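What Swiss-Prot annotates here:
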type	residues	note
TRANSMEM	28-48	transmembrane segment
TRANSMEM	50-70	transmembrane segment
TRANSMEM	110-130	transmembrane segment
TRANSMEM	199-219	transmembrane segment
Amino acid sequence: MILTALRGALGFLTRIPVGRDEAAWAAFARSPWTFPVVGYLVGGLVALSLFVPAPAPTVALAFVLAVYAVTGIGHLDGVADIGDAAAVHGDREERRRVLKDSALGVGGTVALALVVLGLATAALGLVEVAATAGDGGPLPPVIGIVVAAEVGAKAATATLVCVGDAPHEGLGSALTGESSPGATLSVFALAAPAALLTWPQVLPGLAALLVALATAALVARWSRRRLGGVSGDVLGATTELARVAALHAGVIAWTRF
């Protein structure tokens, strides 16, 4: 059951070729704790791109490419849809209609640009951390920050899965309908150790985790008021927004405190 759930999580949350089948999906849908576990693996893989021997802008590009090579670009569709919905001056029904529209509007374009730009600038900050940080801890600081941010982003998404209600049938309801608020305990328990990955400095890892969760809270509040609940697009957008926010928080905490 555990391995099947993890395989389902890897198949859904990444592009790692583990195969997809109904049993794995069903096990994953009932196991939100798999989100942060996958975050540890994804964070470790994409962090390796920061050690490319190249100028900082090239390393930043490599990092962005690595993120989407490992996780895919499916969540960016959620960013675009939520961006378009946020730009609508109308009621919930109008915003939901926009979510189902495959055309990309101005709001979605701006949202996508900001997320990718945010990811690239965070990578530049990580390059600076790598160049100036010492080797006092068990892991290079940039690896700790990236993994903590990815675990935080996945835990943030899992939290919405556990506490959210979908406004309509779809991916959101397929996940939220299988979990309960009590499942957040296992999510938080598995995500918490990521705060120690920047040891001996705990603040950068802790900041990344907490800011990711705070991002989820803000997205959840907005989606409930504007959309009536947590849809699949909201979950995808939460992952992307929380990752960017968490990376910047980790870099700021390392360089300024």
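Backbone N, Cα and C atoms are what each Cβ position is placed from, and that goes for glycine too.
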Intrachain residues whose Cβ lies under 8 Å of the transmembrane segment (110-130), provided they are six or more past its termini: 50-51, 56-57, 59-61, 63-64, 67, 76, 79-80, 82-84, 86, 140-142, 145-146, 237, 240-241, 243-245, 247-248, 251-252, 254-255
Positions on the same chain near the transmembrane segment (199-219), where near means CB under 8 A and six or more residues out: 136-139, 141, 144-145, 148-149, 151-153, 155-157, 159-160, 191-192, 234, 237-238, 241-243, 245-254, 257
